Every structure is written in structure tokens, then in C-alpha cells.
Amino acid sequence: MIKRPSSPTSSPVTITVTSGGARRSLGLTSPIQRASLSPLSARNSAGKPSSSSRRRYSISHNDTVEDNDEQPDAEFVSYTVHIPPTPERPPLSVSDSQSSENRATGPGRSIPGSGFISGTIFTGGFNSVTRGHVIDCSMERAKGLVGPGDECGMKGCDEKAIKSPPCECGFKICRECYLDCLSAKDGGRCPGCKELYDKDERENVRGSKEEGNEEEAEDEARPLPSMAEFKMDNKRLSLVKSFKNPPDFDHNRWLFETKGTYGYGNAVWPKDGYGFGGGGNNGFEHPPDFGERCRKPLTRKVPVSAAVLSPYRYVAKDFRLSTFLRVLLEDDFRLLMVIRLAALGLFLTWRIRHPNHEAIWLWGMSVACEIWFAFSWVLDQLPKICPVNRIADLSVLKERYESPNLRNPKGRSDLPGIDVFVSTADPEKEPPLVTANTILSILAVDYPIEKLACYLSDDGGSLLTFEALAETASFARIWVPFCRKHGIEPRCPEAYFGQKKDFLKNKVRLDFVRERRRVKREYDEFKVRINSLSDAIRRRSDAYNAHEELRAKKQQMENGGNPAEPLKVPKATWMSDGSHWPGTWASAEPDHSRGDHAGIIQAMLAPANSEPVYGAEADGENLIDTTEVDIRLPMLVYVSREKRPNYDHNKKAGAMNALVRTSAIMSNGPFILNLDCDHYIYNSLALREGMCFMLDRGGDRICYVQFPQRFEGIDPSDRYANHNTVFFDVSMRALDGLQGPMYVGTGCIFRRIALYGFSPPRATEHHGWFGTRKLKLLLRRNKKPAKKEPEEIILPVHGEQDEDDDLDIESLLLPKRFGNSPSLAASIPVAEYQGRLLQDLQGKGNHGRPAGSLAVPREPLDAATVAEAISVISCFYEDRTEWGKRVGWIYGSVTEDVVTGYRMHNRGWRSVYCVTKRDAFRGTAPINLTDRLHQVLRWATGSVEIFFSKNNALFASRRMKFLQRVAYFNVGLYPFTSLFLMVYCVLPAISLFSGQFIVQSLSITFLILLLIITLTLCMLALLEIKWSGITLHDWWRNEQFWLIGGTSAHPAAVLQGLLKVIAGVDISFTLTSKSATPDDSEDEFADLYVVKWSFLMVPPITIMMVNSIAVAVGTARTLYSPFPQWSKLIGGVFFSFWVLSHLYPFAKGLMGRRGRVPTIVYVWSGLLSIIVSLLWVYISPPSGSQAYMRFEFP
């Protein structure tokens, strides 16, 4: 049993292992308490039901409560962990159990209990016992580990160091080497910090003797010495630098000339230089050299050149009517955006005032469509008026957080932890090999190993995914050290070995070629093992099931039953150790189907030590030489949340929220990176660049850092605009100049406390018509405690109107908000504290954490923690809580990503768009036409749901900027443009059939205004191409697919959205298939030419056929007419060709690889030709026709 002690200061955990009838006690002691800064666990658990109140428990009492007949407190509720013996896992021997005294971690030692935790799969859920089943360990003990000891730090000396280091930097040195340093000519300086040794310490060390043991405080973070300890003499002045500016530096002038901005969105940079005063003695050519590392900015904001953005600048600066009018009156009247706005106004005015009386219906439809298009263009263009670029400085990040200092003498990493989430749902549509490559790229990322944890959410509960992850953890022991040793980029093996460039470029190690060949062979074998897992599981299950049937038959005969009577033996899916898989079976059975299975958690790789662990030389067991490489691996956890019938599991959003709760209990990283299973890390430094924005000055207001999506496997012509560069490089960069980009579902680093629904420490409310009047709010107030205790954290939540922002932590962590798990509630203030900025970066009156506070060793992972994590992924945990409503990923929409980001911006948070020089992440996109249309259909349907929900930007709070609100409003409105677009695409055909046009005559005014509108649109597009870096081809492909999607997927999305809102019809979508890695003999773009019929293709085919027939009919009529009207023909043909040119990629996709048109296209063409011909004869009968040719109702 696992017992939680009542005392908050002790943390022993007792596990009773049941195996073959014997009972043994295995003690696990956690050296670091899993609790928050304030004693919340006892307060939150008192008087509250347990988080697993619906499950069966094995209750155990301590001696102090044995005589008490009342219900025990939630702290004493224990979990029963059953570990059945298997042929491959015999019962534990007594020698395997270890006492708590031997569980302390040290250099070169493995984490206590890591083998037990990483070799045990934990299951549980609704009305079931939490069980721990021991399987083959995926984390074996490392051999030949080398770590730092207690020896002298001088090179070539292996003597024991002095017990109390003579220098405050903590440099270890033996007595002989210390005396040699004192006798040196430099006066006795410390080899570590190069400072003079203290005189008093010299005398103490000279007269002292060596001692065998070192103080344990050497491994802990050191507190900053007080200013009173520093003596004003020449020997101590070098320890503290003066914070005053030199007399020749004018600080006020520097602040004025740099706009006083640095840090988040700064204009100052420590290199490259900026001419502030024109040079010479009258100004400064470079920013001042910051004396303290904390003052150096981690990021900078680089505005787009004013010469490029001159058409945008005035409108973007303030958006006040007076400024707008001033622009019109000054010399900047030629600004393109203003010209186009004026031309649109004049054009629409002229169109309204000059109707076509001969075809008033045609004129009315065209004017309505043109007004809507103008309105839609304004909504799309306004948020683009202030784009920015951002750059991060990784050298400053390393210097500030990973360099030795007084609080962190060993230079351990002070960076906060990151939990990486990878989600998958179906191994058939998302191949395990693709997921495995993503996991390997995460495990090999350049980030402190002990601060990284990876969680894979398998929403299908598939054994194939589980065993593929186990194989991935095994191969990671070879791949990750290889990447670290040789600086491999990218660190996804499939992408690295598939590169066609010279892999020897910039490689200087002589053993690189030999080791690369070995790793490549191992990876090929790894792929074969992954690909063969499906057949291996099937054959294994068939063998076990046959054995079970024979045994059932034998038992039936022994019981005297009728042998002819059929037996129903469940067709189970079996694990490799001969036990039932607790997840989904191949043949669905109760408790083992896709929507009905228990929750599963297994730590494939246990948490790493805080000290580096080095490998051994290459031999028969080790493929590569890792004597100089840290071979530790980040924690890797498999999670499959519980699913039961009659529960709404909320698809991907529910799976992500389950990961949030699980990670909060197991690792509790203050930042979260979420990736799709097909998006791997292409740049190993991407996480560090994202953290630069989170940890820079002002970064505590940033809720997430969004990276652009980049795709591989796209056809060179990008037929269906899969790269989507206009959105990711134009729209998203423009939003970065406002309140921040939208969340697009993957490649995003979140602040955990923002996902919990809390408000930022500071926010700005925008009042007035266009938000010109600003009111700054301080949402987290300092409350000075009466006693010197750890400070209480005040985290207000911006919710309904009746909520107060001055609530304290006790009222915010109620079970109805986060659930009944005390461990989850206790982890929230810890995550908030670890995500704070350093105290030196915080402004006056704000919270901050001291430097070095995160450099302490991490607590080990025990079975009690994993058992608690099982309870928070149960299907009923979110009942009567605010998960999905205010906390975590938001439910109720197909596009939960956009809604989640909108809620954060609505609370006053900001976001940042991080475009790295080398792509941060790369993934795959559907290149098949049908798959692409269904993907766009899902996005557009989510936008319609947003428009008809409370997440519509019209109801946004005052903490959201006006232009940001316009951008979100356009997200919900753009699918409705398709209704007007379809009408406008049919108008040219109607004009050619009827012989009329949208205007009565092509006057010079109409042509000039139309020319101005077209030219300004093209010039604005060229400007966007110039500052964003995209190509003209990308822009044109985006325009083409805008019309293809607007005539196919978007109208269907509007229809489905209306059905859901009006009739309550639920919308279900199939998972987008992820393309597997093609073989060498296969065509990489074979899927591009596959034609899959879909109902979404009917409207574009209809529009193409109608316009093609109309061009032929209109041309024939004009040629054979005695009074030809060439102007109307030219106008109709011009707009028809405009429609057909946009639909050209769609038509090309219908023809397949060899240009063969599908039969359905001929059928539709013939049917439409007949219908159009009959309608034309009825509307405009030929002259001299008889009465019998007219259709009349009887």
C-alpha cells in the first residue's frame, strides 16, 4: 500500500508489493517535499473528498488512527499496487529492497527507484483499483558511469579537497594546492573566480588539518551575502561592482534616445551598434555596456523598415480620426492603403448611384457582393499595419542562467523546466515511426536534461504505440549521445539521414564517419522493428488466445460440460510478458475498446540526475565512444487517459488537459511545449530561443510563444498552398506588432499558469471607440506577511463580471475549479514561482525569484506520485470543474487552439511570434486535394462555431486591443465570405448567357476606378512580399486556394455550423492522415495525383463548367449577332477567365497523374450542359417560336 503521512515535514512512502502470495515492504523516501511554498496540501485536503472518490481503495491507518472509527482524512487514503509475477519478471528478492537511507542521489548514481518506476505500467480509472504491473524495464542502470567527486579541482591533482572551501565561490582545492596558490606571485588568487583569498581564511587553512567528509551544503544553492559583510578595503572591492554610472555617461539622454525600451520589445542591442547622436563627442555610436548580466536584454524587436511600411505607418500609430484626417491633408496622400480605401469608397458610391435598369437583379447581386468584399478586405488589412520581427540572443541566456555565481557556485542550469506534449490518436493514420522520430528529436534537444520531460498522449490506447515508444526509448540511448557528440542537425533521424547535402561539412572528428555508419545501421534496424510490431503483436495475441481457448476447453471437459457447446473466449491483445493489454484490443471487448478502456501511465525513461553522467569507450556493447558525452536522457512518459461510454472526452482538447494535470503532478514544468506527432524539432536550440522571450524583462506578461509552421514533403509547385506562407509570414508577423499572434495548435510554448486561467501580473484596459484611452492595471498585489515566512502568491483570475481580481490563493484553488487532487492544487503555486522572472528583472513592487533558486537537484519520482497521476486522467475527474471552460484547452469548438489563445488574450496576456533563422519545427501537410479540402473544412467549421459563441470578438473584454479584436472577429467571419464569393463567381456566366452586364455601359469612370483598385491591391501585395520575405508564387498560390476553398469547403462549413447552432447537429471529423516515409522506389508525391471523390468538389466543378459554357455561348452570340455588343462580351469573358484561372489548380488535381479526367466530371458536365441549355431556351426563346415550345403549368 502507498501511504501519505500526516506530517507535512516527512515524506516516506511505503509500498506493499503483492507477488505470489508473499508480502514485502519497499520503502521509498523523497528527499525533497512535493509541496508548494505555502502549506496548501493540508489546507486543501481537509474536509474535501478525495480525487478518486468513485474508485475502490484499500484503506490503511497508522497507529495514531487505528482506534478512530471516523472516516480517515484524504491524506491517509492509500492506493493498492498489485504487481503480479510473470515468466519474464520473477518475484522480487529480498536483496532487491533497499532502505530509505541508501536512496540519496549522488554523482554518478542512478535515481532511487528509477528502475522500479520506469519498469512499471500504472493503470486505473472509474470504479477500479490503481494497479502497478512490472514489465521489462526501459531504463537500465548505466554502466561505467563517471561523475565529479570530492577531489581537488586543480588539473592533475586527485587529493581530497578542504572541507570548507577557502573562497566564497566554492572552488574545491586541496591543502597543498591552496598553499601553492598563496605562495604565488599574484598574491594568492582563487583558481576558480580569480579573486584574492581572504586573510582570515588563509590563517584558518594554514593551521587546520584535512577532514574526510564534506558539508552537504556544497551541493545546495548559496544565499547572497549581505552588504554588511563586505569590508571597504582593497581586497573586497573587487567582489561588488559599483552600480553607479560613470561621470561621462548621461543616463537621461541615453533613455531618451533609445526610447527607454529594452528587454521585451526593446530597441537596444549589445552588438551591431546604433547611431544615436551622429558620432563624435556629441553622441554615442553604441549602447552602453551593461555591467550586470541581468541587465542585458535577451531579445530585441526589429521593426520593419519605415520605407517599406510608409503606406501603413500613420494608420497604425494611433488609429485616431484626427490622425487619419491629418494624413489625408498632408503629403502622404499617395499612401497606398489610403488610396485604396478612397478608391473603394468612390467605386461603391458610383456603383450605387448608377444602377443597370436593364438588369436590376444582376446589378443588385454584384453591388451586394462588392460591398461585402470591401468590408472583408478592411477587416483583413487593418491588423497588418504594424508588423515586427524579433530576435533572441542565446549567449545572454547562457550567461545569465547557466554561469557560476554566488548563489550557484557550480554553474548548474537555473532555467525553468519544460514539459513537452506530443499527441496521437490512431496508429493507422499516424504511423508510429513518424511519432517515434518526433520523440527522438525532443529527447535530443539542446536544453538542460534534468529540466526536460516528454509526454506522449495516446488517445487510442493502442499497444502498437506503447511498444513503439518502448523501442524509441531504447534507440534513444544511441541516438541522443551521437547527436550531442557531433552536433547533429536536425536531430530527427529520418530527416537527418534523408538529407541530400554533404553530411561531412564542418565535421572535424576522425571517428564521425565510423560512428555515423554504425548509428545509421542501428536506425535501419530500428525502423524494421517498428514496422514489424503490428504483425508481432497480432501473432503473439493469436498464440496466447489459442492457448486460452485450449485451456478453456480442457477446463470445460474437466467440469463435465458438453464439448460440442461453443465457448466464448475474448480475443485479447497481449503484451510481451504474457499479460492482457489494459488499453484497446484489436477485437473490441468491454473495457477494452477505443472508447472504453482504463487509464494508463508508464515512465519509459525515469527523471535524470542533476549531475552529468558520462559513458564508456566503444566496445561490443557501446557503438560509439561516449567518454566525453553526457548520456543522460530526459524523462519520457506514456499516457493514455481513461475513456468510458456516456462520457464526452472532448477529442484533442481533453487529451491535452489530461496531459496538463499528469505533468503537473509528475514533473510540473512551469512551461509547456505542445507538438503534433508529425512535427519534429528541426532546430535543437528552438526551446532556448522561445525561453528568451519568456524570461526577458516584461516576459511575465507573455502567455505563449508561437513558432511558425514549416512543412516537408510538399510538391515543388505547392499546388494547394500547403505552406500557407501568407498566413504564417504576413498575418502572424503583423499580429505580433499588436497583442500577439494566434495559437495555431502546435509549435507553441505555453506558460503553465496562463493555461490555468490566471490573469497576467499587469494588464492594460483600452477604453474609447478605438481603444485610444488606456488604463494600466496591476493585477497581482503584494501583501506583506506579518512574519518572515515564504511569501503568499496572489493569482487573480479574470472571469465573470462578479469576480474580484483581489482573490487570494486559497479561494482560487477550490475543487470546483481544478478538481479534488491535493497534489495538483499544491503544484500550482510551485509552477507560478518557478516561472517568475529573476528578482533583478522585476519592476518595483512585483514578484520575482532569486537567482539560482532552480539550480537545486530535482526530487525523484516515486510510485505514489504516479498513482496520483492516474487519478487525474480518469474520465470523471473533470465533472463539476472548470477544465475546458476556463482552465486548460477550451472545449466546445473544433478549433480549440484559436479559442484557447483568444481566452488568454482576452484576460490581458500577450503572445510573441518567434521566427528563428533555422526553422524551429517541421511537419507534414496533406498534399492530396480531398484531404486538403477536408482540413480546410474543419478549420472553417471551427470559425463558424466561434462566430456563434461567446468567444466572438464582439464580446471581448477591454483588455484586448482594438486591432487584435478586429483580427479575431475576422477569424469567425471569413467563412461567410464564401456565400458572396460563389454568387460573384456565377455572375460572369449569367452575364454572358443573358447578354447583360453588371453595369449598363463601360464608362471611363468605372474603368479608372477599377484600374486603381486593382493596381493598389497588387502594390500592397508586393509590399507584403517585400517585408515578409515570401515569393510572388506563394502569394498567387494563396489567392488561388482562397477561391478554391471559398467555393468548396467554406460554404459547407457555414452549413454545418448553422445546423449545429440551430438544430444541434453534432459535427464529427476524421483524423487527417499523416504521410509515412516513402520507400526509395516510391514516388514522394504519389498522393498528390490520387483522386478521391468528395461532395466538396461539386460547387467548384459546377462553377467551372458554367463559366466555360457561358464563354462559348457569349462568344457565339456576339459573333453571329447583327448588332454585336463587344464591351459586354469582353467584360463577361474577363471575369470568367478570372474565375477559371483561380480554379486551375483544382482542375489540374481532378485529372490525376496522366491527365485522365474522372468519369464523374463528364457526367456532371453533360448534366449541367443540358440544364443550362434548357434554361437558356426557356428564358430567351428564339424568334418565331411557337406557343407549344413554352412550358406552362396545367
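A Cβ is built for glycine as well, from the same backbone N, Cα and C atoms used for every other residue.
Feature annotations, reproduced from TrEMBL:
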- 1-112: region 'Disordered' (REGION)
- 1-19: compositional bias 'Low complexity' (COMPBIAS)
- 27-49: compositional bias 'Polar residues' (COMPBIAS)
- 94-103: compositional bias 'Polar residues' (COMPBIAS)
- 201-211: compositional bias 'Basic and acidic residues' (COMPBIAS)
- 201-222: region 'Disordered' (REGION)
- S423, K429, E430, D459, K651: UDP-alpha-D-glucose binding site (BINDING)
- D459: active site (ACT_SITE)
- K652, D676: Mn(2+) binding site (BINDING)
- D897: active site (ACT_SITE)
- 967-991: transmembrane segment (TRANSMEM)
- 997-1023: transmembrane segment (TRANSMEM)
- 1101-1120: transmembrane segment (TRANSMEM)
- 1126-1147: transmembrane segment (TRANSMEM)
- 1159-1179: transmembrane segment (TRANSMEM)
Those recorded positions, out of K652, D676, D897, that come within 10 angstroms of D459 (UDP-alpha-D-glucose binding site) at the Cα: K652
Top partner of the transmembrane segment (1101-1120) among 967-991, 997-1023, 1126-1147 - counted as Cβ pairs under 8 Å: 1126-1147
Separation of alpha carbons, D676 (Mn(2+) binding site) and S423 (UDP-alpha-D-glucose binding site) (Å): 6
Binding-site residues listed as K429, K651, K652, least Cβ neighbours within 10 Å: K429
Cβ neighbour count within 10 Å of S423 (UDP-alpha-D-glucose binding site): 22
Neighbour count (Cβ, 10 Å) for D897 (active site): 24
Separation of alpha carbons, E430 (UDP-alpha-D-glucose binding site) and D676 (Mn(2+) binding site) (Å): 10
Cα-to-Cα gap, K651 (UDP-alpha-D-glucose binding site) vs D897 (active site), nearest whole Å: 12
Distance, D897 (active site) to K429 (UDP-alpha-D-glucose binding site) (CA atoms, angstrom): 21
Around the Cβ of D459 (UDP-alpha-D-glucose binding site), the count of other Cβ atoms that are within 10 Å: 23
Distance [Cα-Cα, Å, rounded] between D897 (active site) and K652 (Mn(2+) binding site): 10
Max CA-CA distance, Å, over listed UDP-alpha-D-glucose-binding residues S423, K429, E430, D459, K651: 16
